[in-house]
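Listed in TrEMBL for this protein:
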- A:78-149: domain 'Cyanate lyase C-terminal' (DOMAIN)
- A:91: active site (ACT_SITE)
- A:94: active site (ACT_SITE)
- A:117: active site (ACT_SITE)
């Protein structure tokens with residue numbers, strides 16, 4: 001019996017295969033007909049994939065079944081302190097430091113006491129062209145959950 | 001000479017006046033013709049207001065000029081650890097823990113090596129009706145900045 | 001204009017009044033016909049109360065309207081590190097350290113990938129008599145939320 | 001002489017075997033006639049197993065005796081910071097942040113000065129059907145211990 | 001209504017009165033016929049006192065009833081990081097760093113899987129004369145609690 | 001030239017040998033005629049052993065000389081955060097959180113300004129029978145050191 | 001006897017006076033003929049001022065002598081974690097995260113083993129016009145100190 | 001499929017080759033015609049290199065293509081706590097502790113509310129001769145970005 | 001009854017009086033015939049003073065008896081994180097980071113397993129003239145304590 | 001191409017060789033005619049050695065040239081949190097907690113605003129015989145650096 005390959009190892013093999021085969025993340029998401037951000041998050045280890053999806057990814061990337069097995073594992077998600085200070089990721093957290101309390105006020109004003117779900121939730125990223133320089137547009141879309149006893 | 005009122009004190013007085021006068025954040029933003037999230041963030045102490053804006057807010061809320069003076073101060077922004085664990089705010093950070101590395105990959109794939117600016121940046125929040133329960137939709141919109149030596 | 005009394009100050013005044021008037025938490029919860037744990041949590045500052053509830057509590061305890069106003073405020077909830085090491089509270093966190101990963105496995109086995117909501121959620125506490133010493137029985141009851149894109 | 005297999009390695013081998021053999025945690029708990037949550041916690045490394053139990057688990061899963069030996073080890077338990085931010089586990093801690101001080105008040109009101117034991121303690125998890133979505137019901141049941149000099 | 005005096009304030013007043021009246025901790029413990037360490041801990045805010053005890057302490061020290069009221073409060077205990085590095089206290093924690101794992105092994109060897117209770121527990125301190133310099137002898141005495149499902 | 005085996009590796013081999021040979025810690029301490037707690041602490045890596053002691057331990061346990069060499073090494077002691085939250089060890093630290101400031105007061109009252117040494121120090125553990133459940137009795141015995149310029 | 005005004009209080013009064021009198025930092029630095037960055041740092045509490053300088057600043061700002069006395073105090077400098085996450089300051093630390101190891105390599109290549117002094121040191125800030133947007137140019141200039149036994 | 005060599009491993013191989021071949025960082029930067037600080041930062045893993053640059057570096061240093069492949073990877077940048085306390089790097093952070101708030105004031109006075117970009121940014125290091133000892137002169141040069149909604 | 005003045009408040013009043021009266025620390029130490037470093041440490045709150053000493057200091061500085069009472073209090077010493085990053089203090093800790101492990105090796109080589117006492121301990125500071133710039137010479141002098149069971 | 005051996009690995013090999021060959025640190029320092037503390041620090045990885053020194057150390061200890069190459073590397077120094085709590089090292093930091101603020105006051109009184117250099121710096125350790133027990137005497141000797149703009 002061997003342990004199942006950790007998702008972090010699977011993610012490294014996927015990264016290597018993707019780069020060497022010159023495939024974009026969109027190519028992979030299209031192959032398995034999945035939303036783009038979800039698909040990347042899953043391949044990086046944040047969501048379990050179904051067997052058929054995992055196998056098609058591995059076929060596309062010439063990776064063996066140990067990777068496909070790993071992709072189907074239930075993940076242990078969590079906040080990784082080492083990733084918080086990467087500048088590309090940090091800017092999102094900084095924006096929440098500046099605007100988070102305002103978003104909290106407005107959620108409570110509009111919906112009442114509760115939260116935006118991070119589980120019944122999706123996120124999208126788009127490029128918006130702009131004469132002063134193109135823009136990154138990221139949309140968080142989560143079900144409102146009210147404190148309900 | 002007295003010190004200028006700290007922005008946190010000004011924010012508390014604004015909160016009290018707003019509740020007692022039964023004004024919504026939208027009412028205030030409309031009064032000064034400012035974007036809603038920006039306005040709330042500024043009143044909570046994250047952006048300096050121009051004198052005219054600050055004075056109109058204080059007139060609307062019957063607050064005196066020491067509050068208006070405080071609202072014009074250059075803020076010292078920052079990540080407040082005590083706010084990170086409020087559930088309404090935490091869910092945004094949790095979503096970034098799950099999807100942040102994926103967003104990083106997709107920003108680099110689409111734009112190259114760089115970041116979404118958190119300075120040349122705006123954020124919007126909307127209610128989206130949905131038969132399974134209405135949804136909170138938050139959009140981050142920032143200029144892409146590439147690492148440019 | 002004065003700031004609204006902080007919920008922590010309101011909680012201290014309620015504690016003092018409750019002790020001096022020799023009222024139990026159950027007496028207060030009964031007065032406002034609210035679930036016991038919810039009621040105590042609200043009085044300690046973790047939930048907003050409706051105006052009628054807040055006023056009845058203050059009438060019962062001979063507290064003035066500034067307390068009632070504070071009880072209606074939207075709270076900023078959060079994890080207070082100073083409270084984590086109180087032995088009575090710590091034991092719950094210790095139990096989660098020991099059994100949390102097992103609960104995670106069993107939630108995923110029974111329900112799939114998702115969480116027990118802490119928002120659509122209630123908690124109850126009972127005394128269970130036992131010949132070897134009575135027992136504290138605490139029940140967490142939250143809606144299952146599956147990761148749903 | 002070789003060291004005894006660490007419990008974390010044993011847990012990974014058990015996870016792999018369980019998934020590949022398509023056995024549920026309940027199947028294993030039934031095999032050794034143990035309470036479900038206790039059994040999963042023990043297999044994840046939080047409780048020592050008796051030799052007979054450990055051997056039956058390994059027989060069921062086709063794991064060799066080095067795993068069975070590891071399962072009998074006295075564990076070093078502890079709070080693992082990396083697991084606190086997994087969303088499925090975090091929700092329990094968040095609920096304690098919101099309701100922990102209330103539980104403390106009610107334990108003291110009902111029982112006096114003391115704690116719910118986390119040692120003379122058991123925990124159960126059930127699915128409760130509900131028309132708005134099924135619910136996770138977790139019960140903590142611990143002996144009350146009063147501060148007794 | 002005024003809040004009940006915080007236990008930390010009561011402890012400061014007791015310290016001042018004790019020093020100015022040149023009373024030892026033993027004098028106070030004798031007055032209320034309580035174990036010495038328990039009594040000091042209670043006066044420092046770690047245990048609730050009964051009304052009669054609190055009143056006799058305050059009478060002895062010429063402190064008013066607000067102090068006596070505070071002494072009867074249920075405490076919120078906890079680990080205060082600022083106190084960990086006082087050299088007199090630090091040496092105990094250092095000794096546990098060196099000998100704690102050994103104590104754990106020996107508790108498990110002698111009693112099985114479980115803990116020494118810190119609740120059903122007492123502690124004593126004695127001076128032991130010794131030709132090379134007198135010694136501090138501190139005894140921890142707690143009921144063994146085994147992990148019992 | 002090979003590095004000397006780390007003390008943590010030696011401790012793991014000793015643990016494995018001790019369990020497989022069904023020897024108690026007392027058996028080992030008796031073999032080398034050493035105090036029990038000291039002996040366990042030394043074998044876990046907190047004290048250097050003399051060559052003769054180390055060799056007799058290894059002979060008893062059928063471990064080779066690389067283990068004996070390691071046991072003679074001067075240790076680097078220190079507080080290991082991962083061990084602080086093991087429940088069996090945590091209870092000692094919790095007791096010090098509750099009683100540490102009282103012990104400090106009483107040491108100063110009895111001895112003056114100074115500390116109990118953690119170096120000129122020994123610790124003992126005993127089982128005390130008790131009708132309500134046997135008790136763990138741990139005694140810290142350290143030389144008083146006064147601040148002496 | 002009253003304590004000397006803390007430097008943080010002096011800095012707040014200077015900030016208030018400067019804003020209300022519509023004086024720039026340059027105006028103040030010019031008045032006392034001091035380097036600009038040094039002067040601002042000193043007024044914010046990071047350097048002691050000479051009596052003559054402190055008095056001229058207070059005269060210019062109509063502040064009384066308690067402020068001048070405070071400005072002459074020897075400061076206790078230090079890293080304030082709350083300031084690290086202000087975006088304007090954070091970018092400098094982020095740049096050091098990215099380029100610090102490279103600067104270290106180049107200092108060692110050019111000068112040998114040692115450091116740039118932060119004591120025999122000055123810093124300047126300039127605006128550099130640029131068609132794509134003006135630039136902030138900050139120069140650190142410190143004496144090289146080699147490790148010299 | 002093998003994972004791509006981590007950038008930290010590539011950096012170690014480059015360090016070894018550079019030292020053994022007695023090449024300076026300037027020699028390498030000249031070879032690829034890149035700015036010196038940027039080049040060192042990129043070789044230490046903080047910037048992706050273009051394929052041609054990476055290959056010329058590896059040719060110069062006799063390193064194989066797995067290193068060149070690694071140098072082209074998109075990095076995950078971040079603040080490494082272990083590097084903050086190296087004295088050569090620490091002095092820069094200490095200088096920012098002393099002068100950072102002053103730089104913030106002066107940026108806001110000169111440019112308004114905003115930041116110096118750490119992305120559209122370059123850094124230079126020079127030796128300045130001085131009779132009292134040569135000096136390290138480091139220049140940060142970043143585009144000003146104003147908060148622009 | 002009023003609390004005894006905290007030692008930190010006493011230290012601030014002493015600092016103010018000393019500066020306004022233009023007395024050096026040596027003047028005060030001479031007045032009470034105490035070692036210089038000990039005296040300053042005691043006045044800053046790290047050692048209790050005897051009544052006669054405290055009263056003579058207060059007489060010299062025209063401070064009232066509440067200060068003298070405070071100086072006689074048993075201190076709670078401890079590591080104050082805010083002071084660790086003051087550059088003048090930090091350099092000592094940095095030197096220990098570089099040389100501490102070497103000092104440990106040499107203490108063990110010369111004395112065996114044990115420590116330099118920080119309690120039976122004194123410290124001295126001298127100016128040593130040197131043509132390249134005068135030097136600070138600090139001597140730590142503590143009794144060796146061997147681990148003695 | 002192989003990476004250069006990390007200094008920590010070199011230090012472990014030196015430790016093993018030194019112990020097995022029964023050489024003292026003084027023997028090694030004498031062999032290379034270097035100050036004792038400097039030499040030990042360098043062999044533990046805190047200073048680069050010159051080639052001739054490194055080779056003589058390796059010849060003395062029968063270590064091969066990969067160790068000598070490592071000893072010549074420029075180190076990355078830093079504060080290692082794991083070493084701070086070793087009792088032998090901790091006492092120095094504790095002494096600085098107690099006396100550091102006093103040393104700061106006296107440095108400023110004697111020398112003005114500045115620091116003792118930790119770079120132009122040496123440290124010595126001696127045994128001082130004393131009838132009550134021999135003493136460890138450690139001298140820090142660093143050039144005074146004044147804040148000089």
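Here the Cβ of each residue, glycine as well, is placed from N, Cα and C on the backbone.
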For residue A:117 (active site), the nonlocal same-chain Cβ neighbours (under 8 Å, six or more residues apart) come out as A:142, A:143, A:144, A:145
Go through the active-site residues A:91, A:94, A:117 one by one and keep only those whose Cβ is less than 8 Å from a Cβ of chain G; report them in sequence order, or 'none'. A:94
For the domain 'Cyanate lyase C-terminal' (A:78-149), DSSP counts of helix, strand and coil? 29 helix, 28 strand, 15 coil
Residues with Cβ closer than 8 Å to the Cβ of residue A:94 (active site), same chain and 6+ apart in sequence? none
Long-range neighbours only, meaning 6 or more apart in sequence with Cβ under 8 Å: which ones does residue A:91 (active site) have? none
Chain C sits near which of the active-site residues A:91, A:94, A:117, counting only a Cβ gap under 8 Å? A:117
